[in-house]
Amino acid sequence: MKVGIDAGGTLIKIVQEQDNQRTFKTELTKNIDQVVEWLNQQQIEKLCLTGGNAGVIAENINIPAQIFVEFDAASQGLGILLKEQGHDLADYIFANVGTGTSLHYFDGQSQRRVGGIGTGGGMIQGLGYLLSQITDYKQLTDMAQHGDRNTIDLKVRHIYKDTEPPIPGDLTAANFGHVLHHLDADFTPSNKLAAVIGVVGEVVTTMAITVAREFKTENIVYIGSSFHNNALLRKVVEDYTVLRGCKPYYVENGAFSGAIGALYLEK
């Protein structure tokens, strides 16, 4: 069995390959000791690690492991997944939306990191908790699906009420900028959480589009664990990307790009 692991700040993504079959699983990074214990009990032919906590795992296992730079691993794995899923892209920006967000340009041969922001799944969980007292990510995202941002976010159409706006009316003029105009409204936890996911999605997308224009590509690939069980984030990102004139792409199991890529990088 071959095992690739992307040990991130919040989640550990694990890919196992055996008999041309691939299996995926995740574990919370706070349970890294359990992952180490599991690894030490397996018959592993090849173990490859990436991510910020790769060194912690390598120091505590009784089998040899190779460690790779997470950006290179993610790019390698994403290329494999894109090909397997029928996406033939000459070049693209990819946004890896994990705890934070890392932005990369792939020119058809290699990747280069072109930016990063602190907005991502960590903000959804942290700010989401402050607004709702909910700690479970799935519960947060499930609740957000039913939310309405209309009384929270100020849209361009809210400003240009009786005239044609110079930019699309559905663009957000100010996240949370409509709140003071609706002080008598019932700001439910669902509405507040939907607004949090909205600002995360729009900031990530805006940054991705900015670098896409800089590198003259219209293709943006979104990956990362923040999209897991988060249809609203995916919709926000997809709609906003199209609205701004670019093409969004998602890949199944994209959050495991780093773990897959580590298996196929060679030292």
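Glycine too: its Cβ is placed from the backbone N, Cα and C atoms.
Swiss-Prot annotations:
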{"type": "ACT_SITE", "residues": "Glu70", "note": "active site, proton acceptor"}
{"type": "BINDING", "residues": "6-13, Thr99, 121-125, Tyr137, Ser225", "note": "ATP binding site"}
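Known features from Swiss-Prot, placed on the structure.
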residue: Asp6; record: ATP binding site; Cβ within 10 Å: 32
residue: Gly8; record: ATP binding site; Cβ within 10 Å: 26
residue: Thr10; record: ATP binding site; Cβ within 10 Å: 18
residue: Ile12; record: ATP binding site; Cβ within 10 Å: 24
residue: Glu70; record: active site, proton acceptor; Cβ within 10 Å: 23
residue: Thr99; record: ATP binding site; Cβ within 10 Å: 21
residue: Gly122; record: ATP binding site; Cβ within 10 Å: 17
residue: Ile124; record: ATP binding site; Cβ within 10 Å: 25
residue: Tyr137; record: ATP binding site; Cβ within 10 Å: 19
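Look at Tyr137 (ATP binding site): DSSP puts it in a helix. In the three-state DSSP scheme, Gly122 (ATP binding site) falls into the helix class. Of the recorded residues, Gly8 (ATP binding site) and Glu70 (active site, proton acceptor) place their C-alpha atoms 9 Å from one another.
Ile124 (ATP binding site) sits 23 Å from Glu70 (active site, proton acceptor), taking the CA atoms of both as reference points. Recorded residues Ile12 (ATP binding site) and Glu70 (active site, proton acceptor) have their alpha carbons 13 Å apart, per Cα-Cα distance. DSSP assigns Thr99 (ATP binding site) to coil in the three-state reduction, placing it in neither a helix nor a strand.
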